[in-house]
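Undergrad: As annotated in TrEMBL:
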type	residues	note
DOMAIN	126-211	domain 'CAAX prenyl protease 2/Lysostaphin resistance protein A-like'
TRANSMEM	7-30	transmembrane segment
TRANSMEM	50-68	transmembrane segment
TRANSMEM	86-105	transmembrane segment
TRANSMEM	125-148	transmembrane segment
TRANSMEM	160-193	transmembrane segment
TRANSMEM	199-223	transmembrane segment
TRANSMEM	235-255	transmembrane segment
């Protein structure tokens, strides 16, 4: 358990340090002094591109470090087994989670939202690299490959390991409004990892889900200020049916994954 917590703290430390260094360098580069850069009175906003670069660098460092230290041992055996059926149902399941996640977050709007607006975060190539490529690779290696392995070594209870890893995954996102649906996503990703003993299916689910969100944010302007009903011309009925339809995709996909994945 202590090892799993240490992985979380390392993730937060490197991510925070990268953001601080990137912001510090940017503020100095535009002429702010050291004191101004560190002082609370500085009103200079750090561009979202700087923050995305910091996130990408942090993810690369963490990804490389965890593999180098073998906190998440990797093997080609799972890929060599050609798990095409599992990958297919992972894609279907990922697509089925998008609208229910939006619906859940919409109904938790009373919680603080600390994240950057989606349209500014995802409306650039850097956003694609950060959210669709780096985040799935880094987070699956850490929160499934390393955290769940350490939890299973601490206590040989797969269900407990999945739940605790999902909670750690949710806490790592810091943003209160995201914690509930990130926790639920962590349960799915943890279950898939335990069943396959590979981070590959989780990377597929994570990446496809983030890609779907990226496409939506890139295609729909001002999406942060829209409700799910707004996407359907203000029709609450259509929005509700879209969530139900998504669940009708997600639930069978999970069932098919259950049948396809080895114990």
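Glycine is no exception: its Cβ is also placed from the backbone N, Cα and C atoms.
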Undergrad: Do at least three C-beta pairs under 8 angstroms join the transmembrane segment (199-223) to the transmembrane segment (7-30), pairs 6 or more apart in sequence?
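TA: Counting Cβ pairs under 8 Å (6 or more apart in sequence), the transmembrane segment (199-223) does not reach the transmembrane segment (7-30), since there are fewer than 3.
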Undergrad: So which residues does the transmembrane segment (235-255) touch in its own chain, when a touch means Cβ under 8 Å and the partner is 6 or more beyond its ends?
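TA: Contacts of the transmembrane segment (235-255) (Cβ under 8 Å, skipping residues fewer than 6 from its ends): 89-90, 92-93, 95-100, 103, 188, 227-229.
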Undergrad: Could you give the number of helix, strand and coil residues in the domain 'CAAX prenyl protease 2/Lysostaphin resistance protein A-like' (126-211) as assigned by DSSP?
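TA: Summed over the domain 'CAAX prenyl protease 2/Lysostaphin resistance protein A-like' (126-211), the classes give 77 helix, 0 strand, 9 coil.
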